[in-house]
Amino acid sequence: MEAVTFKKLVKGHAYSVTAVDEVVYRGNMTKLVRIRNPWGEVEWTGAWSDDSREWDSVDRSVRARLQNRSEDGEFWMSFSDFLREFTRLEICNLTADALENSQLKKWSSSLYQGEWRRGSTAGGCRNFPATFWLNPQFKIALQHPDAPGQSECSFLVALMQKDRRKKRQEGKDMETIGFALYEVPKEFVGRSGVHLKKEFFLTHASSARSELFINLREVSSRLRLPAGEYIIVPSTFEAHKEGDFVLRVFSEKPADSEELDDEVEAKLPTETQLDESQIDAGFKNLFRQLAGPDMEISVTELQTILNRIISKHKDLKTDGFTKEACRSMINLMDVSWKRLCEK
């Protein structure tokens, strides 16, 4: 049950600021903020609330324009009360369009999904130099300065945790998250798929970073850096903390970006082909006895052969081959798929 103040504000609750205005009150301009409780019903009962006396001193036309007496959770309060009652204000943008310019700008955007996994990609922040380099890495190429004659490019980086509301129901809180940016070393500029190693981060300082690491659903920063290539390293504050995330990058001018990772390569050893003369004569005779004229064996027949052979090796401490193990071997070697479904 959330606690409610005597003026009917719910502690720890998130409210929305829906409007601001100014009214003449007793000969002075008074700044007002309109606030909405998304859950409705419970409303502020202090100064400038729906039934407060302050409205009696406001021009009737202004009062009619601003006042709403419905119980919808929306109310007015003075700006001074707003500063006293609330501790944090977050500005939410539906797009990354420049707030200080009335002319609409279309920003370029990139979105990546990633994860922090213990033992592989959960490296923590720079306080953990031995593992920081393990974090996911993303490259952004800032190629076009904001305006002619300028060298810097504006962009916005937003890091958001995924599924944390669901995990909160499982008793897990938000992780403390943030990010850092590093200029790509000259030898790697223009190259793709380069994952920077521990030695780089031990000897290079970041070019920019999130304002802080904090346990919020999303952390974002608007940045300006000289044109060039940069690595974005999102991380949890502590190492070995797991989670999924979404990384979004918005830039005023077109910018290329990509996820970086080490190349993964599997080199299979050359398969050795046995000559007929290399196969033990006793084994061949046993195989013919069990396989029959078609020279094919079932799961049960293979189990019999293998267990009979290993029974001769007293130094092997084993309970023998199970039927399931033999079925798996046949499935791997049966190129004709004849025995794949044999029980």
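Cβ coordinates come from backbone N, Cα and C, glycine included.
Predicted, not measured: the structure shown is a model, and the values here were computed from it.
His13 (active site) carries neither a helix nor a strand DSSP state and counts as coil. Under the heading active site, TrEMBL lists His13 (among others).
If you look up TrEMBL, you'll see Asn37 (among others) marked as active site. Under a cutoff of 8 A between CB atoms, and with a sequence separation of 6+ in the same chain, the neighbours of Asn37 (active site) are Val10, His13, Tyr15, Glu43, Gly73, Glu74.
Here TrEMBL flags 1-95 as domain 'Calpain catalytic'.
Within the model, the domain 'Calpain catalytic' (1-95) shows a mean pLDDT value of 86, rounded to a whole number. Counting every protein chain shown, the Cβ of His13 (active site) has 13 other Cβ atoms within 10 Å.
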